[in-house]
Amino acid sequence: MAWSTRTMMSLALYTCFLWLLTSGLKTVQSLHDSHRGLAPTNVDFAFNMYRHLSTLDPHKNILISPVSVSMALAMMSLVAVGSKKNQFFQDVGFNLTEISKEEIYQSFEKLSHLLSKADSSLEMRMGNTMFLDQSLNMRDSFLTDIEHYHESEALTTDFKDGADAREHINRHVETKTQGEITHVFSDQDSPAPLTLVNYNVLKGMWELPISPENTRDEDFHVSENSTVRVPMMFQSGVIGYLHDSEIPCQLVQMQYLKNGTTFFILPDEGQMDAVTAALHRDTVERWDKLLTKRLVNLYIPRVYMSGTYNLEDVLEGMGITGLFTNQTDFLDISQDPPQKASKIVHKVMLQLDEKDEPPVTTTEAPPQTTSEPLTLTFNKPFIIMMFDSFTWSSLLLGKIMNPA
């Protein structure tokens with residue numbers, strides 16, 4: 001049976017909530033096992049969004065944080081009202097006769113708390129800030145609901161002066177991300193009287209150190225007719241590797257210390273679209289089973305990259321509606337609704353660079369391999385997937401068309 005994008009999104013969010021509400025006082029191990037079972041449906045929604053963005057501009061870099069998008073959508077459910085509120089909850093898979101709004105909000109607060117407290121060297125600064133026009137007389141119940149979210153807040157600003165509003169928003173997010181994200185809005189962008197900014201900054205410490213001394217400037221082939229010079233990092237070690245016989249690609253699985261894991265997928269020449277079309281949960285499950293440990297000489301570009309998206313436009317393009325768009329939709333949260341509605345901005349920043357740290361001491365014997373080292377060079381467009389193995393959340397999904 002073929003499932004629509006909307007159905008896949010519903011399953012992803014609903015199963016995530018169901019797990020959180022029933023987890024109770026489970027141990028870390030049972031938490032890990034339970035979330036492993038829920039991960040596939042969450043991956044489906046991420047791939048659907050990724051494929052949609054790919055069709056908009058096949059030659060453009062893509063960088064999204066699926067778990068952050070889910071949190072932003074849940075937060076925006078606070079402001080959808082009337083029939084649109086009901087439609088929105090149906091779109092994301094909720095039955096309000098079986099689960100209350102309070103339980104939904106508490107569930108996402110728990111997930112955010114788990115991600116922020118996970119024992120991992122993956123540095124992540126994730127949050128949501130809602131900026132409200134200071135002329136709005138917001139209902140106390142709405143502001144109280146906003147405070148239910150861990151790492152979420154509601155701030156007022158003057159939207160009459162668009163330049164001042166942009167500066168206020170940009171400065172606040174820059175502070176929250178410790179200078180990593182500096183321009184959520186450019187001079188050409190206009191925030192709405194209710195603007196939600198969802199941000200995620202991702203860095204990490206490799207399990208196997210990458211020395212900056214081995215980094216060299218090398219060619220990266222953006223296309224047949226375009227080549228750029230990029231800092232190419234080098235690492236040699238025993239890692240998970242697969243040359244897929246069905247999908248035209250090679251891939252490696254890299255570990256961050258403790259709970260972070262990343263897949264780097266290198267399509268064969270001219271096969272990016274074919275690999276993108278094949279990205280499904282079954283594909284990831286098959287890769288996980290077929291990966292084998294072997295000695296790899298790996299060359300991969302240093303990456304400092306960001307992605308910015310208007311989520312309302314993206315979701316509308318995916319056929320997902322239900323968020324408010326006009327003045328009457330504000331009546332449930334404000335006594336003085338504005339003429340213009342909302343904007344949801346999703347901003348992601350990724351840093352993949354050298355971390356010349358000593359290896360982690362372990363009592364486990366290293367995997368044995370007798371094969372000759374394989375050389376794999378990511379010198380053309382590739383795909384990256386990043387997960388937190390403690391909560392089994394999809395932290396990042398991206399397509400690197402040009403790392404320069």
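From the backbone N, Cα and C atoms, a Cβ is placed for every residue, glycine too.
Bear in mind that the values here come from a model prediction, so they are computed numbers and not experimental data.
Now, the feature entries from Swiss-Prot:
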type     : residues         : note
SIGNAL   : 1-30             : signal peptide
CARBOHYD : N95              : N-linked glycosylation site
CARBOHYD : N225             : N-linked glycosylation site
SITE     : C249             : site 'Conserved cysteine within steroid binding domain'
BINDING  : Q253, E285, W392 : cortisol binding site
CARBOHYD : N259             : N-linked glycosylation site
CARBOHYD : N326             : N-linked glycosylation site
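Overlay of Swiss-Prot annotations on the structure.
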| residue | record | Cβ contacts under 8 Å, 6 or more apart |
| --- | --- | --- |
| N225 | N-linked glycosylation site | none |
| C249 | site 'Conserved cysteine within steroid binding domain' | I265, L266, P267, D268, Q271, V275 |
| Q253 | cortisol binding site | I239, G240, Y241, T261, T262, F263, L291 |
For the C-alpha pair, I'd like the distance in angstrom between N259 (N-linked glycosylation site) and W392 (cortisol binding site), rounded off.
9
To which of the recorded positions N259, E285 does the lowest count of other Cβ atoms within 10 Å belong?
E285
Measure from the Cβ of W392 (cortisol binding site) and count the other Cβ atoms within 10 Å, all protein chains considered.
23
Can you tell me the three-state DSSP label for E285 (cortisol binding site)?
helix
According to DSSP, does W392 (cortisol binding site) fall in a helix, a strand, or coil?
coil
